[in-house]
Number of protein chains: 2
Amino acid sequence: MSEPLDPAGEAAAVDLAGEARRLDAADALAPLRERFVLDDVTYLDGNSLGALPAHVPARVDDVVRRQWGELRIRSWEESGWWTAPERIGDRIAPLVGAAAGQIVVGDSTSVNVFKALVAAVRMAREDVGDGGEGGGAVRDEILVDATTFPTDGYIAESAARMTGCALRAVTPAEVPGALGDRTAAVLLNHVDYRTGRLHDLPGLTRAVHACGAYAVWDLCHSAGALPVGLDEHGVDLAVGCTYKYLNGGPGSPAYLYVRRDLQPRFDSPLPGWNSHAEPFGMRSAYAPASGAVRGRVGTPDILSLLALEAALDVWDADGVSVAAVRAKSLALTDFFLRCVGAYVPAGRVESVTPAAHDERGSQVALRCDDAGEVMKRLVESGVVGDFRAPDVLRFGFTPLYVGFADVERAARVLARTLG
Amino acid sequence: MSEPLDPAGEAAAVDLAGEARRLDAADALAPLRERFVLDDVTYLDGNSLGALPAHVPARVDDVVRRQWGELRIRSWEESGWWTAPERIGDRIAPLVGAAAGQIVVGDSTSVNVFKALVAAVRMAREDVGDGGEGGGAVRDEILVDATTFPTDGYIAESAARMTGCALRAVTPAEVPGALGDRTAAVLLNHVDYRTGRLHDLPGLTRAVHACGAYAVWDLCHSAGALPVGLDEHGVDLAVGCTYKYLNGGPGSPAYLYVRRDLQPRFDSPLPGWNSHAEPFGMRSAYAPASGAVRGRVGTPDILSLLALEAALDVWDADGVSVAAVRAKSLALTDFFLRCVGAYVPAGRVESVTPAAHDERGSQVALRCDDAGEVMKRLVESGVVGDFRAPDVLRFGFTPLYVGFADVERAARVLARTLG
């Protein structure tokens, strides 16, 4: 497909298209693209819904026809259905820098934010003797990222209301100054869903700990795209979705990380029977399981869980590591910003994604007043990103299947669309 | 397959096998069996996991390959993903006696119990001026069925703790006597998971209302097997799973019913972005949607949701109605009890399922000391029910695909196994 540019941009386009070919030829991850179902659309929306890994349909079909259709309830044991939440959690663990036994998969991100935040407040209060009785501080405030994807804020408000805390919204930069001896928990995003800004997880976690509070990190826009280092940085609790950079499929279940030493103290507000020490004992008294299983709630959603499990196989291919993915991600976003700079008339869009690598996730967000209309026309031209109200064009770069030629084409079509 | 009986039982077996053939020949629902994937196993565990409807695998494959694989994010609109929770809720509605617009599908039963119970307490308090300020009663007690499937009790305990209520466990028979002006909400099961006892939903709901409290009904073991009449009986809130008599597949999402006139007052403890009045407005202030949508939380689980939607097509076949299903269900359980009476030595098992039709769900539970071992051998012999601790053999009868010959064979194999 050829996209006409104005004559001034022609020479730059020839150069950048050539550079894209050279970069793709040198890209060790390029062969992974074959593992996904893609077409001639330039798909830069993997940060909303990851593309379909090519082997997943056959796996899902086996789950439906054989495991459900033929084995029926025997599959709870024989097909490993019952243990899927923690088994698949252990597959996600290395991608976010966690040792095994600390992640369970299940429920939505929103539900997991609720579990994590309420549990965090309870731990903070336990530390000070449940409301100051031990002579310590009263822990009655939750801090939440003021720029968060809205659901985290809504759920934090409910968690605060139900634990008798005040909720205060502050930007991540303001967090260190806002922390105090009343802070119980802080809910933060590793990467901002709108701007793509990467926040300082190690530094903010240290600051939260220094005041005796608990840090809950939302990894939706970082897991699978860049190193997280949950264990290394001592994160307390974390949640994330699996349908973006982990390619688990539409609405695939989210996950919950509870650091191993905190697990015995994890006091869930949703203590469903799957989190019981003896789930088939049918006991009327609740007794929590030990380990990550304690974060489970109800019957796991098997079709979606096992589609996700299959999707994670992509990460077992030779040479795939989070470090390699991160290096390519930065190269892709760097190259996109260069192409946009070369093709798009100055001043027509403004990048709200930080230029510094250590502040950038795996997306580029461009602000322009008519973003909604522009994205509509871009999609019609076969470049799929998404629009985030009120004025942001959002482009996500999944290193497993996006190449440099995609990037160059997207910038070229964007320039024409904006022209 | 032929199962030898002792000579004394031989004549009875010939008679009952003949009667089973006549009953099957006269059964208007018998042709529906062809719509399910079944084999020579006698499957009496549809009250744990419904059998696979034969057309579901192709539908799921289309969701995975075309909707996810080809359309990707366009499917949120073009394939109706975004509206699936309420659309599928409207498919379930007639099966539980609800008009459209009152049910959403999503999350697990446990999570929906939490939403319903917390919302019920909040309504009860609002009625009396939030804790007695209006001069009314203080609503600070939740009643829960003492014989409930454990998860409801565990979640009720959490809901009570987080709303500052006391939790009292009473049997359904004790509920009328336990109700008082402190009762905020009552969580009840329509059919007991263990004994198969059908509780008096109309009468208990009236009693709960008479004291000014709210009734939350768990329909897991009744929806799809017998008439529920949610609207007719003025039920406030209800939840249920979809993988038993609705055949939605392993861990398919549960549903939440909020009676239409209560929807404006439904104050969710899990106000995720999917329940926002303007979910894509990305607003930091929460404003609940109107209608059933208010019961949503996070991103819906599309693969499982759409498998369920396909499974519900079975109910569109000619002549299928909840009334017809109920009539056959009672005929099946009656016949099973007769066959067990004829084949099994007196005293070897004891039915804990009520004999009266208006007290019986769609299962028969037989108590015997060695139930765990007996069920293991039954399954090995091709009769699949399940064991519920400590001493119950549980047999579920799904009228859509279980026939009278299955029933006769199950009782015959049971007699041999117990012999």
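Just so you know, glycine gets a Cβ as well, placed from its N, Cα and C.
The model shown is predicted, which means the values in this text are computed figures rather than measured ones.
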Among B:TRP68, B:TRP273, which residue does TrEMBL name as a further pyridoxal 5'-phosphate binder in the site formed by B:THR109, B:SER110, B:PHE149, B:PRO150, B:THR151, B:ASP152, B:ASP218, B:HIS221, B:TYR243, B:THR299?
B:TRP273
Taking every pair from B:THR109, B:SER110, B:PHE149, B:PRO150, B:THR151, B:ASP152, B:ASP218, B:HIS221, B:TYR243, B:TRP273, B:THR299, which the record gives as binding pyridoxal 5'-phosphate, the longest CA to CA distance in angstrom is 30
If you draw a 10 Å sphere on the Cβ of B:THR109 (pyridoxal 5'-phosphate binding site), how many other Cβ atoms land inside?
28
Rounded to a whole number of Å, the separation of the Cα atoms of B:PHE149 (pyridoxal 5'-phosphate binding site) and B:LYS244 (N6-(pyridoxal phosphate)lysine) comes to 14
Reduced DSSP state (H/G/I helix, E/B strand, rest coil) at B:PHE149 (pyridoxal 5'-phosphate binding site) is coil
May I ask you to report the DSSP-based helix, strand or coil state of B:ASP218 (pyridoxal 5'-phosphate binding site)?
strand
Taking only the Cα atoms, work out how far B:THR151 (pyridoxal 5'-phosphate binding site) lies from B:LYS244 (N6-(pyridoxal phosphate)lysine), in Å, as a whole number.
16
Counting every protein chain shown, other Cβ atoms within 10 Å of the Cβ of B:ASP218 (pyridoxal 5'-phosphate binding site) number 27
